[in-house]
Amino acid sequence: MKKAILMMTFGSPEEITFEGVADFFTNIRRGVRPQDHEIQTLYDNYVRIGGTPLQKITHQEVALVEARLGNEYSVYFANKFSSPFIPDVIGQMEADGIEQCICLILEPHYSFYSVMGYEKFLESKQIQFLVIKDWYQEEALLNYWADEIAKILKEEVKQDSFKIIFSAHSVPIFALDFGDPYIDQIFENSKLVVEKLGLSSEQYTNTWQSESDIGIPWIKPDVLEYLREQTAHPDHYIFVPISFISEHIEVLFDNDVECYDLCQEFGVNYHRPPMPNTDSRLIDALVNTVRVNENQEFKEFLPEEETFDELVPSDETKNILAESEDLQMPEFVKKLIEKKGRENVKMPYLIKKMLEKAGKLPKE
């Protein structure tokens, strides 16, 4: 039986031009081209950081995993929103005779808002899939973050006052209505790293970053809002974008530009540990998570229904949701309700369940 590993990431513009960024942004918006001013802002951000190294770094990560596991698996790479696209790579895998595929998403935490976006492309009459849903608890990855933060504390912070700010990509608050485990995983991940450092709960905090302006409420506090709300600041802030593993725009701009600029304004020293990128500890984590999961059941995939229906809100999530009595209904869902000719539109399972919960599911 021919087996493969499919490593997947978000993607990035194929060229840093206005239209190159527009094409990428349009893919993110599911085929709806954003307004020109939105494209211009994102383009300017890419120019500010000198482009993005994400694809180069990811190809190196893939090659390093292949060097470790290539004798047993064919290793492939695909993006969610740029070339090579997941369906195209699956087509190549079929042509190569692959029968089983381990899907390794290069995001350590599970959120149906993000990871389910990969799962929905996993369709094949030939290949059975096994999706590794999360791998943030891998010891090698925890050690990476603890070691790199410890270096900053020892070599740069020394005896001065500091605060570690763990940040993670925000998700829409409606995700919590359906038991998305992402927030709990981020909190646990941060706690595990802090425990390795031997620090107290007062020496770190959790924030969120990189939310999109699509007309819906997102999980708070946003990292920039958190900084602005502080009445007093320590001598040092150590920013740890823990939901990411590679340098890309949401680290190089959202952290290294926006957070850095605010630190300059407040007279605080800005620090950020290097991203794992191609570090051997990250590769150890990726290889080990394959080993831990490789004997699980492979299946012909109906990912949205199966994954979504497994989710149950945690107590932490219920506490957050207690502040809002009603389901947060995004504008794009409202438009979907009003859309004419929707019988020709395949409704995503997530949206169907949201409408069902709100009592607004269109009649068949």
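Easy rule for this one: first residue shown is 1, then count along the chain.
Just so it is clear, glycine is given a Cβ too, placed from its N, Cα and C backbone atoms.
For reference, Swiss-Prot has these:
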- Arg29, Tyr118: Fe-coproporphyrin III binding site (BINDING)
- His169, Glu250: Fe(2+) binding site (BINDING)
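On the structure: features taken from Swiss-Prot.
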residue: Arg29; record: Fe-coproporphyrin III binding site; Cβ contacts under 8 Å, 6 or more apart: none
residue: Tyr118; record: Fe-coproporphyrin III binding site; Cβ contacts under 8 Å, 6 or more apart: Met8, Lys80, Ile86, Cys103, Ile105, Val131
residue: His169; record: Fe(2+) binding site; Cβ contacts under 8 Å, 6 or more apart: Ser114, Trp208, Gln209, Ser210, Ser243, Phe244, Glu250
Glu250 (Fe(2+) binding site) CB neighbourhood, other CB atoms within 10 A: 19
DSSP three-state assignment (helix, strand or coil) for Arg29 (Fe-coproporphyrin III binding site): coil
Assigned conformation of His169 (Fe(2+) binding site) - DSSP reduced to three states: strand
